[in-house]
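Step one of this worksheet: look at the structure below.
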């Protein structure tokens, strides 16, 4: 009995000891000054404890191992924390005010009266916030490399630090190798911590102020208000401007510092809730600790929780990722030795892509290789991460990809005559189709069953739902349609009720309502099949789908169908034969386009033009056809494609989609449910898009 009581007592003590620890947030700090501030916070708020490490990398390792839970990092370190070997993610962003701005400006600052500009920095002395940091290293050095001021062939040639050492006469870049030219101007141990007096924004400015350096790469707020008149910004065009002109004279806008932690939603919520509940302690002040920007930047005004799907790549954006990659590039090689990694969605597309790869082999190499993903959105993520390079997508997906910093580079052309003499931009008509004699019109759709190509796609969702939203001003489309199939919808949604899956005896339900070709009602042909098989009353598709799938042109399930058995629903409430699409349609919309990262545009265009000459509609090699699909319809490209045409360099996704489409999307985006988690993550910052 005594033994049982003792065991019970020990169990209670263990529980009592573990409970507070479970709720405690272990904050990682990098200096004695930060440790003092953290201890003061922990004394006020018992839910915090402090873990001391030597630097950001050591903190990242400690968080991965569970020794610590969180730290605030700048963009360069957020990139490192998100790499596969660490697997951390940003969970909370600093907000610097000015209408909730989670971005800041990276600038180059010099003393007033010194006679040089950004284009004449060679041989000058430089002050950096730290090696690998956003404003202090990645942005300025990336810009100098991109502009060919710093000549660097790649890491196979030599480290970028070596090229920077040759460019500047001397520097202080905390975190560089002690004894190197990059540490020559430093005042302390050149460590990436407050042990080095010239570390971080305040330190880099002090390096400039003390006369150690000629230029400091910092943020504008690092220059004290009382001293602004003595300093100037160096603009990228070679001119100078006042410190307060940073909005027009800067190197880049970069994502705010963010709190990173392990990929654990419960832990992320706990950290955020504990931080916002802090009272009687100023998280955003470092007064009294003999340093600045401790734990958080002093310029932060509040904290903003990030969408749960946000990872470091989505947080930083394609443009900033491109800058970081430019500093980690391998030695450049000719385009002829490169292969572009095409992203295929689902097994059927992967099969066609593999065939494309095999047929593209020449001289021991192929110009195309294949990656696969379960959805287009996952492909967009892969392209952002450089795990894939390109994919052809619908206009709605061009919109999402554009929000994520990717660019449209080639467009499908459906008119063979325009392949040799292009006129206006390639386009198609979004139409509403019903069975002839159904009595259905555009005005009587409410309460009916709907067939969509996919959630967020142009003809199948964005255009019809955008029009319906303009009429009803109601974002709950389940009140409008009784049920339907819109692949990509939440499982259990009325818009999954009519989906079919793959039809396979095993695993068929796994594909049900998924936005991939295994779902038999996915895509243009799938939405039409949904109508044909009486799973829906109306199909929202492209104008060519009915003739392509009927009168003996379609697959087995459509072999007995006649195009005359179907009709178009016009917006004025009338109906028309399917041949009258130019008069009876919901919208004229841009064709599907190939998207990629900004820095791979040239390679993707040149290789696709080369492959098109070989495997296009009138290509020289008939062993493979890029624009034909044998197993299923519209794999990799739409089967109606006659050629791919280059989109003029510099064309923004907004210009490609056109004013009408953008207006429709902006209307639809008033409905938060119509915005994907990916798009929400990509549009969290105002600075993720290229200016």
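Including glycine, each Cβ sits where the backbone N, Cα and C put it.
Site annotation (Swiss-Prot): Fe(3+) 2 is bound by 394, 428, 524, and the candidate from 347, 585, 592 recorded at this site is 592. Same-site candidate for Fe(3+) 1 binding, as annotated by Swiss-Prot with 104, 201, 257, chosen from 69, 74, 166, 298: 74.
Within 8 Å of the Cβ centroid of the hydrogencarbonate 2 site, not counting the listed residues 453, 457, 459, 460, the chain contributes 394, 396, 430, 452, 454, 458, 461, 462, 523, 524, 527, 540, 541, 542.
For the pair formed by residue 379 (disulfide bond) and residue 459 (hydrogencarbonate 2 binding site), distance between Cα atoms is given as 21 Å, rounded to the nearest Å. Apart from 74, 104, 201, 257, the residues listed for Fe(3+) 1, the same chain places the Cβ atoms of 75, 94, 129, 133, 134, 135, 219, 254, 256, 293, 297 within 8 Å of the centroid of those Cβ atoms. Ranking the recorded positions 74, 169, 419 by Cα distance from residue 671 (disulfide bond) puts 74 first. Under DSSP, residue 353 (disulfide bond) is assigned to a helix (H, G or I) in the three-state scheme.
Around the Cβ of residue 207 (disulfide bond), the number of neighbouring Cβ atoms within 10 Å comes to 29. The Fe(3+) 2 site is set by 394, 428, 524, 592; from the centre of their CB atoms, other residues of the chain with a CB within 8 Å are 395, 412, 453, 457, 458, 459, 542, 589, 591, 634, 638.
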